């Protein structure tokens, strides 16, 4: 299935049904009084997080999502039926924002999470509501309230514990296929990976973590060069970044220069992403002659001025992969809860204790509170 991580949709909630003006008419009862029913509630639009989805492709081609209107009220105290709600299933990790203003609406972080994104209109009142001791035959009614209409932007950020970072052809896809159940396309040319791949790494019966492989970065990615900049947002929810280095490039490129370029692009794109825990993974050491391996690794670490964890592996032969997997799991397991950091745009401001206004105040134009 094609991977789509961005889509624009229109959601339209249903209008409430109109109230009814009606009077009781029966034999020998000349003044039966009002019996007009209320209108039904319009259908609302909900978003639900589905763990079985990993793309927004369904919303790329079906942009308009409209709920039905509520039924009108009728005589004999018959209230209109409420319209059925619309439930849109989206991948876990979807961020919903206003397409016109960019204001955040909601984000789906937990499987099964259900969020209201467009509320259906309330039904109008029938004349039964306006009967008083002085007005025995009211002819007032109210129309149904309109439902909300919104133009929304959907943005998917995959939920993974570990993200793979590096230049094209650094061996990221080979590593994720070696340690997990993912089977991405692997070839001996750059930009083989065109969209993010997720893999679940099983450490034990109930011990696992999720790895995300994104397309490789090149210099200038923060300004739009290459493919990686489009998918860097998928690394923003990870707990750990693995910076993979090709220690045996097929041309005469300098691995240190490439590594510094990646770090620079990461810092330009998002300082918070740059500040995440990052480990150095030196790959393709099976190609390096055994007598040169230690010297080449030492030279790289010295010139790169790296002081963090370093792992020497060969994703192709799986040499050193088990040690890396165990270390990753220990790091991920140190986070006792599975809480996902929400997007900073959704941080709720602290309540002002000096605010004396009621938390739930009736709207001034609501006829029910006049």
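Just so it is clear, glycine is given a Cβ too, placed from its N, Cα and C backbone atoms.
Taken from Swiss-Prot, the feature GTP binding site applies to 166-173, 191-195, 213-216, 283-286, 314-316. Under the heading Mg(2+) binding site, Swiss-Prot lists 173, 193, citing sequence analysis as support. According to Swiss-Prot, the domain 'Obg' annotation covers 1-159. As annotated by Swiss-Prot, domain 'OBG-type G' applies to 160-333. Residues annotated as region 'Disordered' in Swiss-Prot: 346-370.
According to DSSP, residue 284 (GTP binding site) sits in a coil region rather than a helix or strand.
If you take every residue in the domain 'Obg' (1-159) and average the pLDDT, you get 87. Here residue 173 (Mg(2+) binding site) is positioned 12 angstrom away from residue 314 (GTP binding site), judged by their C-alpha atoms. According to DSSP, residue 215 (GTP binding site) is assigned to coil rather than to any helix or strand.
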